[in-house]
Amino acid sequence: MYGVQRLVGIKRMPWVFLIPNLTAVLLFALLPVFINIFYSVSGSDRLFPWDRTLIGGANYATLFDCTNYLDPSTCSRDLFWRALGNTMVFVPIQVTVMIGVALITALCLNRDIRGRGFFRGIFFFPVMLSPVVVALMWQWILQRNGALNGLMGAVGLTPVNWLVFPNTAFFWSVFITVWAHMGFYTIILLAGLQAIPRDVYEAARMDSASPWRSFTKITLPLLKPVLLVVFILAVIRSVQTFDELYVLTGGGPGSATMLMVQYIYEVGFASQPRNFGLAAAASLLLGLALLIFTAIQMRISRGGTDD
Amino acid sequence: MTDLGMVKSGSSIGAFITRRRGRKRLDWTDWLTYVYLLAGLVIMFTPVLWVVVSSFKTPANLTEFPPTLLPYAAETVIVEGYDDPLPLFDVTTDEGETVRLAQLRRVGINAQMIDPANPEERLTIPVENAEPVRQIYLAGENYTNLLSSTGGMIWRYVFNSLFITVVATIITLIMNSMAAFALSKYRFRGSNMALVAILATLMIPATVVLVPTYMIVAQLGLVGNLWGVILPTVATPTGVFLLRQYMLTIPDELIEAARMDHASEWRIFWRIILPLSAPALAVVAIFSILSRWNDFLLPLVVLTRRESYTLQLALASFQTEYGIRYDLLLAMTTLTALPLAFAFIFLQRYITSGIASTGIK
Amino acid sequence: MANLTLENLKKSFGVVEVIPGVDLEINDGEFVVFVGPSGCGKSTLLRMIAGLEGVSDGDIRIDSASVVNTPAADRGVAMVFQSYALYPHMTVRENLSFGLENIRMARPEIERRVSDAAQLLQIEQFLERRPKQLSGGQRQRVAIGRAITRDPKIFLFDEPLSNLDAELRVLMRIEITKLHERLGNTMIYVTHDQIEAMTMADKIVVLRKGVIEQVGAPLDLYNNPRNLFVAGFIGSPRMNFIEGSLSHSDTGQIMFEAEGLQPLPLPDTNPSLGARERVTLGVRPEDFVISREVGAGWPVTVGVAEQYGASSYLHCTLKGDIPVLIHEAGQSLARRGDVLHIAPRGSQWHLFDADGLAVGR
Amino acid sequence: MANLTLENLKKSFGVVEVIPGVDLEINDGEFVVFVGPSGCGKSTLLRMIAGLEGVSDGDIRIDSASVVNTPAADRGVAMVFQSYALYPHMTVRENLSFGLENIRMARPEIERRVSDAAQLLQIEQFLERRPKQLSGGQRQRVAIGRAITRDPKIFLFDEPLSNLDAELRVLMRIEITKLHERLGNTMIYVTHDQIEAMTMADKIVVLRKGVIEQVGAPLDLYNNPRNLFVAGFIGSPRMNFIEGSLSHSDTGQIMFEAEGLQPLPLPDTNPSLGARERVTLGVRPEDFVISREVGAGWPVTVGVAEQYGASSYLHCTLKGDIPVLIHEAGQSLARRGDVLHIAPRGSQWHLFDADGLAVGR
Amino acid sequence: VGQTITLWTDDTGTGGEIFAEMAEQFESENPGVDVVVEEVSYQTLVESLPVQLEAGEGPDIAVITDLGGLSRFYVDITDSVDAEYFEQEWGQTLGWLRGDDTESTAIYGMPTTLTVNGGYVNLTLFEQAGVPVPEEGATWEEWAEATRQVAEATGTDFPMEMDRSGHRFASLAISYGAELVDEAGNPVVDDGLKAAIEQFVAWHQDGTMPMDLWGAVGGATHRELFSDFLNAATVMYFGGSWTLAQMDTEVGDLFDWAVVPAPCGPSSCTVMPGGGAMTVFNHSENPDIAGQLVDFYARPENLDYYISREVEIPSAVSQIENGVEYPSASERTSEALATFIAQIPKMDDAAYRFQGWRYQRAMMNAMTTRISQVLNNELTVDEALVRIEEDVNLAIQAGG
Ligand SMILES: Nc1ncnc2c1ncn2[C@@H]1O[C@H](COP(=O)(O)OP(=O)(O)OP(=O)(O)O)[C@@H](O)[C@H]1O
Ligand SMILES: Nc1ncnc2c1ncn2[C@@H]1O[C@H](COP(=O)(O)OP(=O)(O)OP(=O)(O)O)[C@@H](O)[C@H]1O
Ligand SMILES: [Mg+2]
Ligand SMILES: [Mg+2]
């Protein structure tokens, strides 16, 4: 390795360190995106770009083929719009609930209580389960003859066929994704909480601050940078939600829980023949939406902190 | 002059409610915390516990509704003249007595039963009068069936999963930390570009680029090869980000000191930076282990041969067009989650301290 | 206004008894400094007074009312933390008014108090800045301002200047002294710094392992330490200690003898002082009479001669390698290797018995 | 062994010129201390000598060979960093030998050198410990040891003691002085601390904004500062400055006049000193003659009287609110509000012209 | 020089084992050839194999179920096999493998087994309810009515259930007169399909069928709830012949059950055929040897051995006509198999055409997706029909 340094000179050593990772990024992350862009403007179910024919914006036109943009039923690709709509409802709700719950949990775990390590483990445990396992497990619990209905029957409640109704299915979609991922954010928030100096709280105590006021006036503002990271990560992850819901509901009932990524997967992968072009077009639109969101988010957060 | 003293009397009730640690009693916020955490414990853990308990249920016990809390199996008895063991039932006779009989066959609302003590006489009993005799029974055969149904391949899957997880994690750690080192400790043109390029990939859902990724893997001739799963996943943007944030906190003076000590840049990285980044490396390792171990879609398309299957793929093969084998699935789930549970137990204390020190603040 | 009484105050953390029992009376308006080696319980004591730490046993009375069950905020005390503990996300103004808003004080009154405090501490021009945008000294002033706005009966300071550089410390030290003079409140001040203790205190409390060793005015402690610990602790550089024994000379003079050294007559002795086997002689660096004449005292060899410009410190060794530090006013002419002769000046020496207790002259 | 020559050395960061041009000659074996206000370029200069920072223009010569293009490790200089920059994950032994291993030195030779250095610095018993397990002073010694093992021609120290507490600083200061005496290497030492500069240096280099203001022996600078800046910078507490003008008295005495103050005859003046419009009179705190008699000098009012025990500092104000700090040996009897009369002692005063340059007496 | 032939089969049955076992003989007949039989998951065959083939990867031979969809990856093995014998035994199914190309006479592989959709009925419940089991020729409506009566009488949760699968639904649709695909390979959305969907929706609305399958699940996801039948929670379950083995082992003595003849629609009494075919792929380096291996498996004695060991429905005409012995099967299973085999001659041409259509999967996915949407009031039946046609046309566009 010293040989390398002598060869390229110390000035170029950072590139030597960067190249392996950068190569992998270019090859397995950025190149696929560019291939996707090409897919979106070409037709046929052929995998290799050189086998495909250019068709221009036809795929985009198909996606936007609607008679009334306010009513997805009138769109040729109504599922694209429904999935988009669902994503736009799912993401804010799921992220809000997730961050809310994770924050409360982190606050509890940050207290000086017995069994902190144990509880921390409990809340983190689901993060370790694979999405497929999580979904199968909950499907098995929530199905008509599942454990939850058994439990409800046992305590005298009428069993509910949870996954049959759009609203309850949506509720459980949010619940399960929160259940599975909140541990991750809890730990990050916990780390953020622990980074807040203790003496600031003591000062607040001397300053007669009630617990609520120390939370809103001290904890929240000081946690803001971490919350921002958590927020962005949670949004990205939430938009990417796929495996759990695919196994749990397949996007149903109807298309009530079908999110964008599932739509893309079904169009581009699970169908026969595979419509890579349409899937790529949809994914690029999704990417565009994410990009705009991130940009706005950055702008807001930069505007919010003036130091 | 001392209005704080006056506040005291006015807010004594408030003071009582907000009374906090240092007093000998638990205050209400402590109670609230415990209630919340216990509720959390139930919600977070019972499903998992339920899976583990259920993995010991027989298929019949599994499909039962309402489900039983513990795994039960019908008690059976071997009766002379019958090859298979017969299930036992407690039958309430017309006189109100209860006798224990073995069921031969059930036809409609009636069942044919015999008294094990007196196998000659066949009785016809209405089904609603018969209550199966059951005992707690741990169906270890779910696990043994699992092993046999996978044709002894399970160790192969375990090996594959371990190989992918370990190798990918090691490569991830080395590659990410090299990149993070370059991006945190050198000032050079293009460093911002490189950082943005790496972080931008955070936003790309793996599912969406599955097809092109597969194509690239195929072009590299890695289909069916464990490396075809390992290589596309090693350049994780979060890993680079976390490590970089952490390395920013390592004083530059250490590097300068090492340079004055004749250390080459590689040696600085290998002997100084890497050991010092241990907490952040632990965090990245945990995340890498989790995601590699649980990876599903990419292995599904890339790992085509049974010998190259991972545990997750094997798990999925219990859910086919022909139905879900819950008994095997649950056993397998328990088995695949176990190593992670252990990994977590050993590494958990690094997670918070590690994240805390990676400077996400 | 505010007398403070600590009565048999005890504190244990788990099984570790940190403060085994402290009795102390602090009068209204006094400036009391707690000193003691690291870990002796200074902060703990202060935090118990503030109400941030519970009391294991004993009582704390402010103006003869027990406050052990009063929440921190209602005791009428204010604390200035070592790390300032300013709210980093609030402007200086918000920092100053936060406590007042918490007790729902009327807006105009808050503004009046904030601007009064700001004026007093000359931080008016920083009111809209965040703590990050302030220098160390300015932050310190804000921290004090925050305490002032609450108009407390007692101010508590926990090493408030230890994060400042030497020059700023001198300035802030004087400012706090002036503040005390102006406000006239009771102030309790914890420090490691000799100079701060000596120059600021009305009364110094010397602690060792949670036990009060001596209480008194600074010069009182400096001139009449009650024991070896206080003698060694108060004064910087430290008092020189030489072990030896006492005897009577033929002339009735009391002589101090140490191994290898000629017996030295102690000037101004109290004739009642008898002969003793094991005593320690303590002489402060500035309390030696230095001469270049043989016979005028013990001979010492100069090691390092440190010239401060205004004064000089000679690091010397007595026979038997006993180090002796000598202070000489002005710029010394002594060089390494010179031999000087030293003897305690007048009554400026201290004697301690085998138990370390001061022996009256 | 090693003379060091800086020749018109310049450094810019981007467009900011930090060092506009420095010429300096350091002789073999000298102990040179760089002092100057924060940001004046001391560290930059040192790092340029070490080779950690590039040179914008000019030349650095060690033993008359230019080293500007030699890598840091090969210049034969060793640096001791402010934060020690010990490798936290290596034992003391590994810290000491890392640099030697990097140049593939033979094992026995490495061991010999490490044990020599450890013996010299009395850290043999810590060789197997990690830096974390050492106290501040011990760490400092290890840092020095690491420099020693490399057997450099020149030692560079960048504020090596600033992280230690006051007591330890005194000790380490003396140890470094002794080390210098023993090794006899050229040492360059950057510090903020007056005392360190005064007591350790053979030669002090005073820097301001990257420009050398004065070079000389410590007492030389103390007694004969070349300008107002050096006068104010060297010496702690600072020299008192009073602005006024010079005139001749009727008796031919040279008189210093300041607004509102009676003209004061300056003792021991050089008759060639003419009348001047705007001068600054500088008198160090210890250079006042204090008297309680009216007419014996300027009357000052005592503000805070700080009693250090061995000496006292009186913070006084001259008419017109000009602050004057007076040093009194021993324990002063002055109290707040007392009026004292002061005059400069003998020739212990300094005069600076309107440009701040010292005016010969 | 050793030549390696890789063969993939899915891992649900024991097929792989038997193929491997038989391959030993082939290997001894052809020294130097190494046959590697690999059992892969069904998901791999359906989702991953096509992508691999696209990339020129994958096995030499696979037993696949999407017969028409993959036709462009097959290699013609006419020269390696007894073409006449193949045409005679599998004339119709060989056409499925040719996909769009109706002109072709190429032989792309050997259909291995046939699967047949069919209804399982809980006889015990009928008995308890005292309702007679509808005879052969009974219509879907009659079945619905009868099962409703049974469910009501016995307190069973649901009268009928059907796998969430376009393939299952196609059985109903074709019976109702749906053409689904015309001779030219274009999707047909006709009144038959509309009637079938309307009927199907009505059954979900009146509780004849539970929402759990078609209602609660979205997209193209396959879903089954055979456990409902095993738990006697439904009177009739419309699934497939492949569930037989599970029935035999898991129902045991709990109740009496039977496979019933295909219910009739206004148009016909058909169910969908299905099944796998062993095909050789065009990237294979040894297509000749691969073809010979297929030919080897196609030998009558090997075919019989395989079918009887596997307890599957044969696909070869002679076997269907002559019947196959199943020495290892129970009496009830043999009976059920006979019923399944008896349905084969009744199958509508439309069913065969649909099964062999390259865009069958696209159509089936469209049907499952859209019917679920109708069930959840996201679309009307008419809108759904329009969407189904659009979906398939889009797929044809993409595939073209
Ligand atoms: N929360 C705690 N739990 C257990 N022991 C503690 C706790 N806080 C302090 N101690 C122990 O109590 C003793 C006194 O601590 P304290 O902080 O009062 O010392 P101090 O005099 O302020 O020291 P320093 O000068 O270093 O600040 C120490 O031995 C410390 O280890
Ligand atoms: N890498 C850099 N880029 C830009 N400016 C720098 C850099 N390093 C130092 N400077 C600037 O150069 C000037 C001199 O810095 P230097 O660190 O040498 O000061 P210093 O005398 O050591 O100060 P201190 O006593 O605070 O350590 C400062 O104004 C500083 O802001
Ligand atoms: Mg303390
Ligand atoms: Mg510096």
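Just so it is clear, glycine is given a Cβ too, placed from its N, Cα and C backbone atoms.
Taken from TrEMBL as is:
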| type | residues | note |
| --- | --- | --- |
| DOMAIN | A:84-297 | domain 'ABC transmembrane type-1' |
| TRANSMEM | A:15-39 | transmembrane segment |
| TRANSMEM | A:89-109 | transmembrane segment |
| TRANSMEM | A:121-141 | transmembrane segment |
| TRANSMEM | A:172-195 | transmembrane segment |
| TRANSMEM | A:215-236 | transmembrane segment |
| TRANSMEM | A:245-265 | transmembrane segment |
| TRANSMEM | A:277-296 | transmembrane segment |
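In this chain, the transmembrane segment (A:277-296) touches the transmembrane segment (A:15-39); three or more CB pairs sit within less than 8 A of each other, excluding pairs fewer than 6 residues apart. Counting residues 6+ beyond its ends, the transmembrane segment (A:121-141) has Cβ neighbours under 8 Å at 105, 109, 147-148, 163, 172, 176, 179-184, 186-187, 242-248 in the same chain.
Scored by C-beta pairs under 8 angstroms, the transmembrane segment (A:215-236) has its highest count with A:172-195, from the stretches A:89-109, A:172-195, A:277-296.
Panel annotation: around the transmembrane segment (A:89-109), residues 116, 119-120, 123, 170, 173-174, 177-178, 181-182, 185-187, 189-190, 192-193, 215, 219, 223, 227, 230-231, 234-235, 238-239, 241, 257, 259 of the same chain, lying at least six beyond its termini, place a Cβ under 8 Å from a Cβ of the stretch. Tertiary proximity for the transmembrane segment (A:245-265) is limited to same-chain residues at least six positions away from its ends with a CB under 8 Å from its CB atoms, namely 79-80, 82-84, 86-87, 90, 131-132, 135-136, 138-139, 163-166, 169-170, 172-173, 176-177, 239, 279, 282-283, 286. Packing against the transmembrane segment (A:277-296) from elsewhere in the chain are residues 33, 36-44, 52, 55, 58-60, 62-63, 77, 80, 84, 87, 232, 235-236, 239, 260-261, 263-265, 267-269: each is 6 or more residues past its ends and has a CB under 8 Å from a CB in it.
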